[in-house]
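Reviewing the structure listed below.
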Amino acid sequence: PRGRRPLRRRLPLLPLLLLAAGGLRAAERSGGSSSAMEELATEKEAEESHRQDSVSLLTFILLLTLTILTIWLFKHRRVRFLHETGLAMIYGLIVGVILRYGTPSTSGHDKPFSCSQEDRPFTTLLVNVSGKFFEYTLKGEISPGKIHNVEQNDMLRKVTFDPEVFFNILLPPIIFHAGYSLKKRHFFRNLGSILAYAFLGTAVSCFIIGNLMYGVVKLMKLVGQLSDKFYYTDCLLFGAIISATDPVTVLAIFNELHADVDLYAVLFGESVLNDAVAIVLSSSIVAYQPTGENTHAFDAAAFFKSVGVFLGIFSGSFMMGAVTGVVTFTKLHCFPLLETALFFLMSWSTFLLAEACGFTGVVAVLFCGITQAHYTYNNLSVESRSRTKQLFEVLHFLAENFIFSYMGLALFTFQKHIFSPVFIIGAFVAIFLGRAAHIYPLSFLLNLGRRHKISWSFQHMMMFSGLRGAMAFALAIRDTATYSHQMMFSTTLLIVFFTVWIVGGGTTPMLSWLNIRVGVDPDQDPPPTNDSFQQESAWLFRLWYSFDHNYLKPILTHSGPPLTTTLPSWCGLIARCLTSPQVYDNQEQLREEDSDFILNDGDLTVTYGDTTITANGSSGPHTKNPWTLLTVLVCDKQQTSN
């Protein structure tokens with residue numbers, strides 16, 4: 001009996017082993033099939049994501065195509081009440097409504113996880129799901145009240161771009177084109193007024209809007225419409241953002257109607273430099289960090305530090321852009337395609353280099369464009385000159401209309417909108433008062449030193465032309481992490497809509513009502529009446545121009561007089577080494593672009609050899625003096641030979 005008990009116990013083990021072996025095989029088969037199913041599901045998700053990416057990009061391509069076709073129709077019918085940017089916004093709104101209310105949710109609800117042990121958010125998270133690690137990136141903070149309202153539509157998520165796309169890809173060609181296509185003649189004739197409106201005007205507008213909006217915020221808190229923190233520095237930041245003007249609609253109509261060239265130059269110059277000042281000003285406000293417990297109280301040390309940051313960033317960005325523009329040499333005349341490509345890459349790298357060094361790319365690429373138009377453009381081959389102008393004009397057109405299309409789309413696809421009627425109304429009143437508070441007082445101060453005053457009609461037109469556009473939108477969308485910034489972004493979006501549609505559409509009637517002359521030849525000097533700006537020919541600028549034409553142009557370009565004729569005789573060896581050989585071949589062919597810098601006829605003269613030619617075309621004998629301050633003008637070969 002003792003020998004049978006072990007046998008009885010072992011007999012049931014055989015079928016158990018067989019069953020276990022079969023179970024292991026079945027588990028392996030089921031595990032393999034589940035893994036294959038997971039891989040198949042992952043591939044399908046990747047395929048669906050790729051399809052949605054293609055659809056989102058196709059949406060913007062179709063928007064731009066539709067905008068272009070409508071622009072052609074409007075130009076054919078001579079319709080001026082709505083600009084192309086307004087059209088792009090309308091089409092963006094229509095597509096945004098379709099995507100918001102016409103497409104179903106395609107993803108499940110997100111499940112929140114608690115990380116109570118951590119005291120700060122992480123940029124990247126690795127989540128272990130059943131032994132597999134998945135990477136998640138930070139998109140931003142969500143208030144507890146909106147945790148169940150997170151966007152569940154994958155398509156709407158796809159058409160929401162990273163704000164850095166606007167700064168690093170779309171803004172550089174817009175800003176560079178503004179500097180590269182600058183009409184130097186009228187810009188520098190009104191340089192004093194442009195600098196006053198751009199620097200002093202933007203600073204005044206920023207602080208007036210900021211203080212008025214702080215009062216609005218206090219009112220909102222009093223009536224119980226403020227649900228989170230909104231500091232004084234946030235109000236100043238909003239003032240800097242919304243002070244960035246972009247009268248693209250007005251300027252386009254001015255250009256089409258050939259409105260007064262000096263008014264066009266002042267508005268264009270103010271808007272270009274104003275964008276640069278606004279972005280540096282916003283960076284300075286963000287850098288304002290008082291010491292102590294209350295980080296939002298006024299601190300004199302922090303204030304002066306912010307002023308230093310403003311001056312440092314602006315001057316550093318200016319120097320970087322100017323130096324990069326000067327050193328952009330191209331020796332590829334025989335290969336225009338390579339020459340144009342190198343020019344394009346050098347221009348774009350200026351923006352990224354400034355951002356990487358802690359400066360402002362907008363300021364750097366603006367002055368890079370101005371410098372390259374003045375120096376590098378003269379070194380390009382004839383074909384490359386045409387190609388670069390057309391290339392940047394097309395990129396500017398597409399980027400600008402893309403941004404305005406996205407504005408219309410963002411009104412319905414952006415997830416973090418906060419609309420406050422009190423804040424919106426207060427913002428409209430504040431920007432009106434801020435614009436008026438610097439246009440009229442600065443015009444009064446500028447008129448004190450003018451023979452020909454800035455007329456009231458010009459002042460009213462400048463007041464009317466304070467549109468907001470791409471720069472204000474890009475600055476507002478760059479940071480939408482907090483409650484105050486989300487409210488600022490939503491309000492900025494509505495302000496851009498209103499100014500582009502209403503103010504832009506009323507430009508033509510306003511020109512007629514103010515009796516501002518149109519149909520003006522841009523190369524013709526305006527008559528000396530009260531409706532024209534004074535031609536500002538300061539001695540400092542004339543001195544700089546003479547130095548630039550006599551010494552910098554021969555070194556950096558193939559134009560201008562040879563250094564052997566402008567430097568003393570004992571510098572002959574240095575002059576021959578630094579002067580480009582092409583300068584000697586171009587002595588009879590004065591650069592037409594340089595004539596843009598001539599301020600007033602008869603003010604400046606050009607000297608070659610023993611002949612002096614004034615700006616009005618008269619010539620006569622002249623004793624050769626290498627230290628004579630030279631300037632350039634366009635003259636024909638007959639005058640030169642005389």
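Cβ coordinates come from backbone N, Cα and C, glycine included.
Pulled from TrEMBL:
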DOMAIN    67-513  domain 'Cation/H+ exchanger transmembrane'
SIGNAL    1-26  signal peptide
TRANSMEM  55-74  transmembrane segment
TRANSMEM  86-103  transmembrane segment
TRANSMEM  165-182  transmembrane segment
TRANSMEM  194-216  transmembrane segment
TRANSMEM  236-254  transmembrane segment
TRANSMEM  307-329  transmembrane segment
TRANSMEM  341-370  transmembrane segment
TRANSMEM  391-412  transmembrane segment
TRANSMEM  418-437  transmembrane segment
TRANSMEM  458-477  transmembrane segment
TRANSMEM  483-504  transmembrane segment
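Contact between the transmembrane segment (483-504) and the transmembrane segment (418-437) holds: at least three of their C-beta pairs are under 8 Å, each pair 6 or more apart in sequence.
Beyond the transmembrane segment (55-74), the same-chain residues lying 6 or more positions past its ends with a Cβ under 8 Å from any Cβ of the stretch are 80, 82, 84, 87-88, 91-92, 95, 99, 155, 158-159, 398, 401-402, 405-406. Among the stretches 165-182, 307-329, 341-370, 391-412, 418-437, the one making the largest number of Cβ pairs under 8 Å with the transmembrane segment (194-216) is 418-437.
Taking residue pairs at least 6 apart in sequence, the transmembrane segment (86-103) and the transmembrane segment (391-412) share three or more C-beta contacts under 8 angstroms. Most Cβ pairs under 8 Å with the transmembrane segment (341-370) belong to 165-182, among the candidate stretches 86-103, 165-182, 236-254, 418-437, 458-477. Here the transmembrane segment (165-182) has long-range neighbours at 268-269, 272, 275, 347-348, 351-352, 355, 361-362, 365-370, 372-373, 388-389, 392-393, 395-396, 399-400, 402-403, 470-471, 473-474, 477-478, meaning same-chain residues at least 6 beyond its ends whose C-beta is under 8 angstroms from one of its own.
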